[in-house]
Amino acid sequence: MNTREKYLSNVNRLVIKVGSSTLTHPSGLLNFYKIEHIVRQIADLHNQGIKVILVSSGAIGAGIGKLRLKERPKTIPEKQAAAAVGQGVLMHTYEKLFAEYGQIVGQILITREDLSSKKRVVNVQNTFSALLDHGIIPIVNENDATVVEEIKFGDNDTLSARVASLIKADLLILLSDIDGLYDSNPAVNKNAVLIDTVNEVNEEVKASAGGAGSKLGTGGMATKIRAAEIATENGISMVIANGEKQEAIRNILNFENEGTLFIPKNK
């Protein structure tokens, strides 16, 4: 049994986070081709009996496209207006595509405040449990339309790790526009080497994770490493992989060397 098979076997609860750069064209308009491939893979996993939670960015990006804005809004009210419009566009798209496979989705919008007290945490957990028990695929996003800066998660990488911990997931997959974690920035160093497995999120690993997010997103590699820290500390395996690859999710669960695997603690 190889390392991947050891840590990626028997996945019953899976959280998949998809970033804005994977879901949208550079213009901000939704990339239906990519979304369809992601939906198909999730629908197939659902049919295998795996309980999948999708953490989806893209609300602001979809709003930018719908409102025909030339660039990402800079002020908080403008961002929130774009998110309010875009979240509806995003959910309508998911609802329509999953319905083609006979599957139902439910929306959960979370803020950091929702996880600030035990009572509210239990309430969120109960909502997830009820949806999953009814065979519904929860689609999660931060409530960008109303949340204030002081209580923002700020990126869905961190949010997805918190959700994975909350529902006691076996695996967290972060789909981005990069193949995984490199030993140096591949945009600067053409000889950068993709790291297959990370046994511990230490200072050396954090140093490899410099760099900003994409134009339409908020999370760079540093936020993904923070997500890995949260996930692995809670006994959850995590993989960073490229959402551009059509079968990335399937490849990961087939133990192929897709992306970078982060080994969980105490498992």
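Heads up, the Cβ atoms here are built off N, Cα and C, so glycines get one too.
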Identity of the substrate-site residue among Asn126, Asn156 (reference: Ser57, Asp144, source: Swiss-Prot): Asn156
Extent of the substrate binding site in Å [max Cα distance among Ser57, Asp144, Asn156]: 11
Mapped DSSP class for Ser57 (substrate binding site), helix or strand or coil: coil
Cβ neighbours of Ser57 (substrate binding site) where a neighbour is any other Cβ within 10 Å: 29
